[in-house]
Structures are given as structure tokens and as C-alpha cells.
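Everything on this sheet refers to the single structure shown next.
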Amino acid sequence: MTRSHATESVPHQPPPIRPGRPRPPIRPGRPRPLAVLALTPLLRYAVVRHAVPTGTSRRTGCDACGTPIGLDRPWPVLGPTARCGGCTARVGPPPGTVELAAATAVVLLLTGPPTTELAAAAWWLAFAVPLCFVDLAVHRLPDRLTWPAAAGTWLLLGLAAVTGAGSEPWLRATAAGLSLAGFFALTTLLLGARGFGIGDAKLALGAGALLGWYGWATPVLGLLLAVTLSGLVALGLLVTRRARWSSHLPFGPYLVLGTLGALLLVW
Ligand SMILES: [Zn+2]
């Protein structure tokens, strides 16, 4: 310490300025929308890595030229332009889409549920957003994303229960997650390929828990929204002949949208 003058205070002089950083203005803890851009390479990485057909190992490089894709070198391949740094081929979801989805999710989260419940919803969305893109690309909802999504959501809701909300909403959330997942699994058993997939059931575990926290009507509403939305889109695709009755349409994105829609109505 060389600032010896700072230790001798003379009367009638303003107090010496303390060394160190100036104090930043204190703002209440709200994530800034731009901060989401720091997260989107992580989301893109999850999509690129897991959007591979069943039985294939995870993607580690560009399909066209083999340039490795990793979080140590996220630009430009995991940036909004989604172009390989080696050969400029497009990699992963279309430019801007993941960024837009993530920004929308952050804006929705800012509508203001209590902090711990917000953490649970944010956790679930951090997995649900890449899962939507993986499902659209390869019609799969990989376990490596659905299980941690459900487990983290359930634990964070448990934290909300312990820190003030009490056990009742948590028990209901647990039951709702299991019920919604059970419903999806049952359609797979009864209808086979025409039912929902087992991946949808695993995604529904977390969705049902998030929604069940707010009452039994919320998961029902979320499911109705998801089914209605997917039905309308399927109808549109049939009418415009871009899909046939036998086409398999991914349901994950609608489940995520239905969950968000129902959450917005209760927040
Ligand atoms: Zn390449």
C-alpha cells in the first residue's frame, strides 16, 4: 500500500477517497435481456450436440468439413449466424432462431413469479428451448436433456417449498408431473407410434411439475393449449399438403409453448 496520505486525515477537509473500484449503482436483481446472448452459445451447443439420429454418437464437429465444435471456440459456429468457422456451412438451427427463443423466454420470466419459482421455470426453459430445436430437427427428445430438466425443476420447486411456500404446492407439483408424464406414456402404450413419444412423457415430467405448482387446473390448461396448438398447425400442414395423415409431427415444441402459455396466465 503506497497511499500513505490516505491514512492521515486532516480536520476540515473532505474525507479522503478510498482506493478501490467505484461502487456501481445497486439495481434489484433482474437479468438484463442482452445477457441472454452470453447464454445462447450454450443452448446452440446443446442442440448441435444432441440433434443426431438415435444410435448415433453426439456431434462433435461440422458435418461438412469436420472443424471441431466446442464451447472453447464458440464463435462463429455457435453464434447467431450459425456458420461453421472452417467452411461457412450452416450448422444447427437457422440463424437467429435460438437467440429469439431465448430472448422471448427471458422476457416471459421477467413477468415476475417469485424468485425460487422463477429459478425452477428458468432451469426448465434452459433445457426446453434446445429440446424444441432438437425435436424439430430429428424428432427426438434425448434423455440427456429431458432428465436433468425434470430433476432440476423438481428440486428447485422443493427449495421453494422449504423456503416458504410449504409442502402442499410441491406435493401437488410432484403428482401433476407424474400424472402428465403417465398420460403421455399411456398414449404410447395404447396407440404405439400414433401416440405421444416416451421423450414427450419425460419432457412432461418437468412441465407438469411447473404447472401443478399453481393448482390442478394449470396442467390441464397447459395440455389443452399444447394439443390445440399442435392440432391447428397439423391442420394447416394438411390443408397446404405439406404433411400427410401418416406424418409424424414433433410434439415437444407445442408442449413447451402450452406450458409457457399456461404459466403466463397464472403469473
Ligand atoms: Zn465446416
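Placed from the backbone N, Cα and C atoms, the Cβ positions cover glycine too.
Between the stretches 91-112, 245-266, TrEMBL puts its transmembrane segment entry on 245-266. Sorting the domain 'Prepilin type IV endopeptidase peptidase' (126-234) by DSSP state (H, G, I as helix; E, B as strand; all else coil) yields 97 helix, 0 strand, 12 coil. For the transmembrane segment (245-266), the partner stretch with the highest count of Cβ pairs under 8 angstroms, out of 145-164, 170-192, 213-239, is 213-239. Regional average pLDDT for the domain 'Prepilin type IV endopeptidase peptidase' (126-234) in the model is 95.
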